[in-house]
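Engineer: Shown below is the structure under consideration.
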Amino acid sequence: MNQYILAIDQGTTSSRAILFNQKGEIVHMAQKEFTQYFPQPGWVEHNANEIWGSVLAVIASVLSEAQVKPEQVAGIGITNQRETTVVWVKDTGNPIYNAIVWQSRQTAGICDELKAKGYDPLFREKTGLLIDAYFSGTKVKWILDHVEGARERAERGELLFGTIDTWLIWKLSGGRAHVTDYSNASRTLMFNIHTLEWDDELLAILNVPKAMLPEVRPSSEVYAKTVPHHFFGVEVPIAGAAGDQQAALFGQACFTEGMAKNTYGTGCFMLMNTGEKAVQSKHGLLTTIAWGIDGKVEYALEGSIFVAGSAIQWLRDGLRMIKTAADSEAYAEKVESTDGVYVVPAFVGLGTPYWDSEVRGAVFGLTRGTTKEHFIRATLESLAYQTKDVLAAMEADSGISLTTLRVDGGAVKNNFLMQFQSDLLAVPVERPVINETTALGAPYLAGLAVGYWNSRDDIAAQWQLERRFEPKMDDDKRTMLYDGWKKAVRAAMAFK
């Protein structure tokens, strides 16, 4: 029997290949960083061929280091940085421009024009997204506008567009499959999340030819097999794909309506499963497709926090208050409170529910008695306050009161932060044994498609709790602290 599932986790700064066994345990992992390009301030690009090379390298490393033969791999699941956009020549496989990364703001001008024409409500209704440079649609338009002859070639069917999942499936399959999954398609600003089709009206507004778009398929399905020369002489099913945050929701086994997870990475991404209904947000959230599986599509509400773990990196690298990120916990616990200090880490603006790109970071409540410990604690607490902002919006939009929050990402190792998060939300916070839930969602989706696992019940049974944090704070204190945070955010937004 094929003993392993291979996850390809293609992220913003590195590519990883991870082998999982049938218990959902990590057998071995390989990682390789690649180059970030910043051609102009605010622009972020990747070389799509370098990404492909990094993926091939980590696949080779993980198999050789784990001493696993390619024929022992039952299937491949892909999870990826979302929204990042590649346009390439169908016949040669050569990209016509660098991949424009989700973080890149180079299409902000296009977005401003679209909003000035009053298109925002139309895009929001059809795609569940805001018109923003974050999403793929304006990135495709930018490439077609700026690379000579590109739009004409696209109209003739000579060019293909894909998010990173599509690019990797196309390359692994030797160009046999030009596909994406529902979760990635729902992040493009071109896909109607209600009809589940590329939307002709939106494509016309963006001036993107339909001929270049991939076929949209379920998140758990055999799309193609690897061509032998890319997989050591073996044809292995490429059987699952999902954007990184949706993959984390799946990896956390948040399969029922109202379940939610928060990933504490560079930023924070909170997703709540809303079942088979797309809940339109009135509170600054995105409506997105969680996954398509078992013949149906399920939806999620998503909140994005731009600065989370990067605030702790700032304490370490920018202010040099700590030597390692882990030190922040010990410093925070040396004081009883922040002594009235609030840090609003709006280094690149504020995301959900404010969506204000102009606001900048601020610190409030400083006195002569403020110490380094207070400052570090206030910075950590800002992650929890921002998460509460997002959860309040989710509960208002969905009408669902959260009973438990499942967490993952680098910062969840910080016990102080997790306890404060539970106290502030007044719900238990659950940290799983396997923190690699983004990478875990992809092999689960692929494994279901090839019969490696039989059902979602099998997967839910594998989810293991490492620690549960119970709320201990009284309501009056919780209200007082959160009121102070809201006041600090208002003050920061007023200072422009």
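All positions are counted from 1 along the displayed chain.
Glycine residues also receive a Cβ, built from the backbone N, Cα and C atoms like all the rest.
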Engineer: From the candidates Gly109, Gly174, Gly410, give the one listed by Swiss-Prot for the same ATP site as Thr12, Thr13, Ser14, Thr266, Gly309, Gln313.
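Structural biologist: So, going by the record in Swiss-Prot, that would be Gly410.
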Engineer: Arg82, Glu83, Asp244, Gln245 bind glycerol in Swiss-Prot, but which of Tyr37, Tyr134, Tyr299 does that record place at the same site?
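Structural biologist: Candidate listed by Swiss-Prot for the same site: Tyr134.
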Engineer: At 10 angstroms around each C-beta, which of the binding-site residues Gly309, Gly410 has the fewest other C-beta atoms nearby?
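Structural biologist: So among Gly309, Gly410, the binding-site residues given, the one with the fewest Cβ atoms within 10 Å is Gly410.
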Engineer: Where does Asp244 (sn-glycerol 3-phosphate binding site) sit by DSSP, helix, strand or coil?
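Structural biologist: Once the DSSP labels are grouped into three classes, Asp244 (sn-glycerol 3-phosphate binding site) ends up as helix.
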Engineer: Fill in the CA-CA distance, Arg16 (ADP binding site) to Asp244 (sn-glycerol 3-phosphate binding site), as an integer in Å.
Structural biologist: 13
Engineer: Taking 10 A as the limit, how many CB atoms besides its own sit near the CB of Ser14 (ATP binding site)?
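Structural biologist: 14, counting other Cβ atoms within 10 Å of Ser14 (ATP binding site).
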Engineer: Would you pick out, from the binding-site residues Thr12, Thr13, Gln245, Gln313, Asn414, the residue whose Cβ has the largest number of other Cβ atoms within 10 Å?
Structural biologist: Gln245
Engineer: Out of these recorded positions, Arg16, Arg82, His230, which one has the fewest other C-beta atoms within 10 Å of its own C-beta?
Structural biologist: His230
Engineer: From the binding-site residues Thr13, Gly309, Gly410, pick the residue whose C-alpha lies nearest to the C-alpha of His230 (phosphohistidine).
Structural biologist: Thr13
Engineer: Could you tell me which three-state DSSP class Glu83 (sn-glycerol 3-phosphate binding site) falls into?
Structural biologist: coil
